[in-house]
Amino acid sequence: MTDQADQKARARRAAFARRKTAKSIEHDDAACGHLLEVLRTDVGKPVAGYMPIRTEVDPRPAMAAMARTGPVGVPVIEAADTPLRFRRWTPDSEMIDGPFGAKVPVSGSWITPAVLIVPLLAFDRSGARLGYGGGFYDRTLALLRQTAPALAVGFAFSAQEADALPTEPTDERLDMVVTEAGVIRF
Ligand SMILES: Nc1nc2c(c(=O)[nH]1)N(C=O)[C@@H](CNc1ccc(C(=O)N[C@@H](CCC(=O)O)C(=O)O)cc1)CN2
Ligand SMILES: Nc1ncnc2c1ncn2[C@@H]1O[C@H](COP(=O)(O)OP(=O)(O)OP(=O)(O)O)[C@@H](O)[C@H]1O
């Protein structure tokens, strides 16, 4: 393993533990409230949410609210080492288990998001993000940003903030992070 990868693995382990401690319904609710304040600016634009796994903060209440006024999608993995695609989602969508345990819609059209609610393990004050290590969001944001601006909104508990994270040239930066404590813009 390279030093960089080793540092990332270490930072991941620490972040998993902090996220588990921070997980609560109260924090989920407060974070969704702040998320909706941020998304109000982009009402009607296609938004990518996600189906929470493990101890991730749950964005579904905010996604359900957004789905009343515009298209909302969730990530679908088509293959390793490829960008994610986003399939249209509403609270009534029929879902099946996708790879890594996240639910995906059984059917539906594909959307190209202008705003992405991005799950993460850790973030820092420069907008760097650490995920599970698949590189999916990096590849996806890089592709989307080739043709149009894509607003990356990290969604997390405040305890997931880390000191300067190790980064690689392929890491795509977050534009902001929303937590139960409020909004951090970079
Ligand atoms: N809710 C949610 N959906 C998502 C993502 C996500 O981070 N959260 N993704 C974001 O990319 C994609 C799924 N990618 C994933 C990639 C790897 C693992 C994972 O758990 N990998 C290892 C653990 C890695 C580690 O411990 O360091 C495993 O299988 O145990 C999970 C999701 C698309 N959907
Ligand atoms: N745009 C890209 N093109 C090619 N490879 C990439 C790209 N972005 C990331 N990768 C590769 O993916 C690997 C994993 O990236 P990284 O550790 O940043 O994942 P992550 O952001 O934690 O995961 P995820 O986005 O799936 O939650 C990197 O080592 C990198 O080589």
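Using N, Cα and C of the backbone, Cβ positions are placed for all residues, glycine too.
Bear in mind that the values here come from a model prediction, so they are computed numbers and not experimental data.
Record features, source TrEMBL:
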- MET51, GLU56: substrate binding site (BINDING)
- ARG129, LEU130, GLY131, TYR132, GLY133, GLY134, GLY135, PHE136, TYR137: ATP binding site (BINDING)
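Shown on the structure are the features that TrEMBL records.
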residue	record	Cβ within 10 Å
MET51	substrate binding site	22
GLU56	substrate binding site	20
ARG129	ATP binding site	26
GLY131	ATP binding site	19
GLY133	ATP binding site	11
GLY135	ATP binding site	18
TYR137	ATP binding site	25
Sequence-ordered binding-site residues from ARG129, GLY131, GLY133, GLY135 with Cβ under 6 Å of an atom of ligand 1: GLY131, GLY133
Three-state secondary structure, ARG129 (ATP binding site) (per DSSP): strand
Alpha-carbon distance [ARG129 (ATP binding site); MET51 (substrate binding site)] in Å: 19
Rounded distance in angstrom between the Cα atoms of GLY131 (ATP binding site) and GLU56 (substrate binding site): 11
ARG129, LEU130, GLY131, TYR132, GLY133, GLY134, GLY135, PHE136, TYR137 excluded, remaining Cβ within 8 Å of their centroid (ATP): LEU120, ASP138
Whole-number Å value for how far TYR137 (ATP binding site) lies from GLU56 (substrate binding site) (Cα to Cα): 15
